[in-house]
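To start, the structure itself, in structure tokens.
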Amino acid sequence: MKMASIILVTLFLFNLVFVPSMALPFGFGFPGDYDQQQPPQDNEQNQDKNQKLVNDGNNGNLRVGFYKDSCPNAENIVAGALAEISKTNPNAIANLIRLQFHDCFVVGCDASILLDYSPTGDKVEKSSMFNGQLLKGADIIDDIKSKLEEQCPGAVSCSDTLAFSVNEGMAIAGLPRRAALGGRRDSIYSLASVAEDNNLPMPNWPLEKMVELFTRKGFTIEEMVILLGAHSVGSAHCDVFMERIYNFANTRKPDATLPTPVVNELQQICQNPGTPQFRNPPVNFDETPTVLDNLFYKNMITRNKTLLITDAHLLNDPRTIPVVQQMAGDEGLWQKRFAEVMVKLSSLNVSTGTDGEVRKTCRSTN
Ligand code: HEM
């Protein structure tokens, strides 16, 4: 399965651009620097634990006020730190929302995405090409976690640090502030192979694969469309959608469903990869990349504008179009539903009680 995924991604990489020799490494990247940090040990006991990690987990036992005794100020500490960080890093909130999605879809919301090495010596999730160089925000969590450690040593898990940060980030980005659920425990393993085992979506997937994945994770199609509204914040790099504006399905023409003004707009930012001018800048999904508004859906309805093929599918299926239309027409409704579905996402298959651990630093197990 892992090999099949690798072949799939490789084919995708080399079909992205006009000139094969100029094919860029797809931004999901191969950051080899993690390899050196992994202690080489693997034994039966560890493999059993890996199996447990993959199969186990539960969704319950999270609650508001979890740190009332052990770190009563936890949410305020996170809020203060994130407010500071967002002043100099406008991408912070988008980075964190995506980081949480990629954490929660692989095994569960257990901060396994943050580990730089796994005690088994296996490649960690972070080093997978499904995550790679375009997944950002681990350094933001390092900063916030160190503030928590200063005031409440060993109390707040990395998975709750991420969840509290995303919850606060959504408020900074315009959603009503709500109390966060706490009680998640951190994983003691992280495996790239699990990330690659059909647990993370690729931007060239057909709708059926998206539906299969989100359904397997417990989300309805409506919830999937609502979650994809996260593409209201942040950006996608040119190489992720380059095919659509220069060489769709190897036709050497843009995707016919993209209107010419949209193609022109995107070509202005993303030079043809066959030219020496080519850079790979990030392109904002919409005109308000730090605000969680419904412009992502409005752009779809009014201008047929999407960056990712997977987002474009939402306009082409009778199960998804009505949801896009509804969300485009009612920003308050989308914001309310998005906040609710994000609670569901951030509660996915969590470890609680005495499972896992509370890491002191998020990049390594204790
Ligand atoms: C079919 C499902 C999805 C696919 C294929 C997908 C793919 C992508 C890709 C390719 C990028 C651009 C990465 C880059 O070039 O830097 C991206 C960005 C982003 N995605 Fe998704 N995504 C999906 C669903 C989601 C969901 C469910 C969420 C959150 C709930 C999410 C949140 C984000 C955010 C916030 C960004 C911007 C990140 C930043 O600017 O740092 N995505 N996504």
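Quick reminder: no glycine exception, Cβ is built from N, Cα and C everywhere.
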Practice task
Have a look at TrEMBL and say which candidate in Cys238, Cys362 forms the disulphide with Cys270.
Solution key: Cys238
Completion exercise
Nearest to Cys270 (disulfide bond) by C-alpha distance, among the recorded positions Cys71, Arg98, Cys104, Cys158, is Arg98
Practice task
Anything from the recorded positions Cys71, Arg98, Cys270, Cys362 with its Cβ under 6 A from ligand 1? List those in sequence order.
Solution key: Arg98
Handout entry: Cys109 (disulfide bond) - helix vs strand vs coil (DSSP)
Key = coil
Fill in the blank from the handout: Min neighbour Cβ count (10 Å) across disulfide-bonded residues Cys109, Cys158, Cys238 flags Cys238
Problem - Neighbour tally for Cys270 (disulfide bond), based on other Cβ positions within 10 Å of its Cβ - result: 23
Practice task
Report the member of Cys71, Cys104, Cys152, Cys362 (the disulfide-bonded residues) whose C-beta atom has the most other C-beta atoms within 10 angstroms.
Solution key: Cys104
